[in-house]
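Working notes, beginning with the structure itself.
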Amino acid sequence: MAGAGEKMAPALSSVRVNWPVAVANRVMGAVHAALVAAVIGHRAQQLLVSGGKSLVVGHGAMVVADLTLLFLWALSQSGLWRPVSRVAFPERLASRGLRLPGVDVLVVTADPDKEPALGVMNTVLSAMALDYPGERLSVYLSDDAGSPLTLLAARKAYAFARAWVPFCRTYSVHCPCPDRYFFNPSGDLVADDAAAEERLRIKKMYETFKGEIEEACRKDKGRWTKEERQDHDAHVEVISNDGDQQELPSLVYVSREKRRRSPHHFKAGALNALLRVSALLTNAPYVLVLDCDMACNSRASALEAMCFHLDPSPPEPDKKMGFVQFPQMFHNLSHNDIYTNDLRHIFATRWIGLDGLRGPLLSGTGFYARRDALYGDTELLDATELARRFGHSDQLVASVRNLHADLQQSSKGKAKKLELELLEAVASCSFEAAGTGWGDEVGFMYQSVIEDYFTGYRRFFCRGWTSAYCYPAPSARPPFLGSVPTNLNDVLVQNKRWMSGMLAVGLSSTYCPLACRELLAVSVPQAMAIAYFGFLALYAIPALCYATLPQLCFLRGVPLFCPWYAAAFASSQLQHLVEASVANRRLALRTWWNEQRFWMLNAVTAQLFGCVSAAQDLLGVAAIDFDLTSKASDATLYHRGVFDFTGCSTLLLPATTLCVLNAAALVGGTWRRMMSHGGGLSWELFPQLFLLSYIAALSYPLLEGMFLRRDPARVPGRITALSVALAAVLLALFSG
């Protein structure tokens, strides 16, 4: 204990509960739960007194829809119960006299056509320029395509880094991404003539570097076939220069071996290969994982992360920190984000709420994780068991034992002591094929295509680790900036992959979060929050019910809803509007509307096909789908707020069909009621009329894309024709 006159050192971080938002969330949740209970009670009563078979089926389907909505809503509330905000104090690290540990940055890329080399190199350069001691920082680039273009670009990037990194350090540059620094109007400003002259010199060097990369891309286009990308040897290259005077971070290019006959496990496999190669070279106790398009936008993230990892007097001392997650933010978002690419409900709402429990989930990129947490408990394992888990490499097993032994060893010095054969051996297909624990007991997990969700849940939270969420203040720079898909098809394909991967985990008898004893023993609310994302694709069930049954019943003049529905609907919309407004710090009607519209579209496309894909995967009748989204598509329509349907096919068909069905039911049902002998609508049908009108308003971009637009980015004609035909069949069969 400290002496009476001794002052305790100030904490490196702080955490504060946002009680006004927490109380508001709890009150709205209680009210909504009561209203939904009344709705389900009324629906059950209607089911019992229904006379005809069709009414029994209709009310029964609506009960299933309402219970599914209630189940998902209840799971989601744990992410709103205790929102917190954290602040890091990196300036206190020096006063504490703490010696900074090593950090290995792991950057992954897979396709030079969809992930242009210049963007990838900007991410690499931004990581090399972080505000962190150069001898304690190393950058590893995984190139799953084994592209000579990416290797050439990495060599040229290192040459430019010899000027760029010292420039960032000398002039305290805030934005370490050179393309954004030089060509963004809101970039850093220089204070004097000498700095301006040096900035101009570095800018000319960057323009030369950029031109060389773009020229190499033009020459390389089409030369590297898909077969060659899927079938190539391992190659590791430590890119450095013995004549460097500055302490530059090491840059290591890694292309793991890929064979079509051997499973490569997508991104998780690439990250595990980087973990092994980096363990042999630098063995830093912390790793930063970055997608190739998620460049560092602030040089401070490494020090901020260390404030949480190294704090000897943390705000919550009973928690052991496994990783620090930063939000995903994006530089190419439009003002009117029609595809809700900002993922507000995750990074500006749910993750802040989960941070008040045991921390947010692993989010794929922008997180600083402990290497030993990824390895699991290894201290009590003997040499034989270590070799079984980590593979038969004496050097790799030794690195596991010595993980924290020598934090002062120079990264570059270690990188030059090993033969390339040893490095390429741990990046080969045969290394994991020998029956190691990689992907199961060690490293990023393979059982799901969504490796971040599954690894965060099983590797960290089930083993007692926690996480912290470092969300920047409104006036601060975003720590990382990535790019979003600007084409609707790319957005839906990406969402389908997420939905199918998470639902496969949720439906698994082995891995379901609600059946995980280790997790339930630690935190039931955390298990609920993880399960919510695991079952997110099930929104497709109520969406399908609400997009078909009220429409068909309205045509036949059959009422489905009671007044309680209106109250429950208003309550849910109020909750959503409050969430969006709190996240945006203003009344966010546009955000609310865009999210409502995309929720409906996503539910009957990506989530629906995600359910089908997950079911096929569980039955063993489907191959895992891992299509990359393009980072180089035309964003003109997206920034104008116009839906771009280019490339859309079967994935869009349910949405367009239901859109036509709803419009036909709205017009036809209203016409029938007006032409009936009563001469108007009964009040019992007004809730359905409102619902159909609301859905028609939300689906206007689809109707416009099918029937009003004539540009090349409209809904493909074959999809429109098929949608009209399917809707006509449904109307003929069930309208009566």
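Every residue, even glycine, has its Cβ placed from backbone N, Cα and C.
Because TrEMBL annotations are produced automatically, they should be read as predictions rather than curated entries.
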Self-check item: transmembrane segment per TrEMBL - which of 267-287, 498-518, 561-581, 645-665
Solution: 645-665
Practice problem: Return the member of Lys114, Glu115, Lys267, Asp291, Asp452 nearest to Asp144 (active site) in space, with distance defined Cα to Cα and candidates limited to these recorded positions. | Solution: Lys267
Quiz item: Which one is closest to Glu115 (UDP-alpha-D-glucose binding site) in space, judged by CA to CA distance, out of the recorded positions Lys267, Asp291, Asp452?
Solution: Asp291
Quiz item: Whose Cβ, among the binding-site residues Lys114, Lys267, has more other Cβ atoms within 10 Å than any of the rest?
Solution: Lys267
Quiz item: Which of the binding-site residues Lys114, Lys267, Asp291 has its Cα nearest to the Cα of Asp452 (active site)?
Solution: Lys267
Quiz item: If you draw a 10 Å sphere around the Cβ of Asp452 (active site), how many other Cβ atoms fall inside it, taking every protein chain shown into account?
Solution: 23
Quiz item: Which residues does Asp291 (Mn(2+) binding site) neighbour through Cβ under 8 Å, counting only same-chain ones at least six apart?
Solution: Val107, Val108, Thr123, Gly364, Thr365, Gly482
Quiz item: If you draw a 10 Å sphere around the Cβ of Glu115 (UDP-alpha-D-glucose binding site), how many other Cβ atoms fall inside it, taking every protein chain shown into account?
Solution: 24
Quiz item: Near the Cβ of Asp144 (active site), how many other Cβ atoms are there if near means within 10 Å?
Solution: 23
